[in-house]
Amino acid sequence: MSQKYLFIDRDGTLISEPPSDFQVDRFDKLAFEPGVIPELLRLQKAGYKLVMITNQDGLGTQSFPQADFDGPHNLMMQIFTSQGVQFDEVLICPHLPADECDCRKPKVKLVERYLAEQAMDRANSYVIGDRATDIQLAENMGINGLRYDREILNWPMIGEQLTKRDRYAHVVRNTKETQIDVQVWLDREGGSKINTGVGFFDHMLDQIATHGGFRMEINVKGDLYIDDHHTVEDTGLALGEALKIALGDKRGICRFGFVLPMDECLARCALDISGRPHLEYKAEFTYQRVGDLSTEMIEHFFRSLSYTMGVTLHLKTKGKNDHHRVESLFKAFGRTLRQAIRVEGDTLPSSKGVL
């Protein structure tokens with residue numbers, strides 16, 4: 001799993017910047033920006049790692065002696081640490097603009113190692129700062145930038161923006177047999193649009209979204225002139241991949257789910273979003289098809305989905321009516337998925353520290 005980073009400016013963003021000389025060189029000049037500590041703690045809990053990056057003009061020269069900088073800076077760091085705020089690294093450019101160095105923001109010299117790491121989640125990493133140079137740094141790094149402002153975009157606003165859940169994924173899967181486009185919104189409900197070319201399968205997929213409490217859009221063009229095998233199988237693979245991506249780092253999810261009765265049927269579903277693909281399936285049908293869906297492909301669908309989603313899935317149903325038996329499986333899976341993907345906290349539900 002890739003890591004989310006926040007590259008945060010110091011003066012004017014974490015602490016106030018004195019308007020007289022723009023230097024925090026005395027203890028009485030040290031003042032934290034409103035709400036910064038609780039919001040940094042909130043962001044850490046949401047899985048972000050923090051990196052401080054700052055330009056300190058002429059640091060170590062007569063105009064800004066190192067000792068004058070060190071006292072307030074060290075006190076600031078001690079306060080952050082005492083409150084649980086941990087910075088992975090503090091990056092400082094000590095040069096003046098006239099020095100034309102290669103490490104001054106918005107140049108990327110100081111952050112080169114992060115850019116070289118494949119593990120950085122660029123889509124969900126940010127530069128946060130109060131100056132245009134901070135936003136330019138974000139552009140140069142190829143990540144997002146947030147322009148801090150006490151009134152327009154303050155720390156509580158930033159914390160809310162970066163921790164608000166809107167888990168989404170878009171997967172496109174093209175083969176010689178099928179062209180599949182899947183979009184999933186785990187934190188939005190209703191409005192699903194599904195078109196696989198297999199009407200009863202569309203109805204079953206809609207049961208997953210409806211009872212799972214999320215929205216999805218699925219468009220499939222498959223080789224139905226042969227049969228429904230590739231369409232059902234590849235849809236399962238694409239949907240499983242989309243669900244896995246949308247779950248992200250899985251922080252705070254319930255992870256497990258169970259259940260469901262339906263008329264004369266009793267369907268049992270147990271789900272663990274474990275990262276370990278496995279399917280146990282037991283269902284018997286009287287006929288080879290329900291509507292235009294082959295009953296033998298139902299197990300194949302769930303096996304494909306569990307494989308790409310990385311879940312342990314147990315499914316079982318008993319009943320008299322094939323339509324009800326099939327529908328009970330999809331409803332049970334959807335209802336169980338609703339429980340498992342629900343967010344209840346901000347910790348990873350695993351003693352191993354990884355899912």
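Including glycine, each Cβ sits where the backbone N, Cα and C put it.
In the record from Swiss-Prot, residues ASP9, ASP11 bind Mg(2+); the candidate from ASP99, ASP102, ASP121, ASP130 listed for the same site is ASP130.
Across the structure, CYS101 (Zn(2+) binding site) and ASP9 (active site, nucleophile) are spaced 18 Å apart at their Cα atoms. Only ASP9, ASP11, from the recorded positions ASP9, ASP11, CYS93, HIS95, CYS103, place their Cα within 10 Å of the Cα belonging to ASP130 (Mg(2+) binding site).
If you take the C-beta of ASP11 (active site, proton donor) and look for same-chain residues 6 or more apart in sequence within under 8 angstroms, you find GLU17, PHE22, VAL24, THR54.
Shown in sequence order, ASN55, ASP57, GLY58, CYS101, CYS103, ARG104 are the residues of the chain, 6+ apart in sequence, with a C-beta less than 8 angstroms from the C-beta of HIS95 (Zn(2+) binding site).
Cβ-based crowding with a 10 Å cutoff singles out ASP9 as the top-ranked of the recorded positions ASP9, ASP130.
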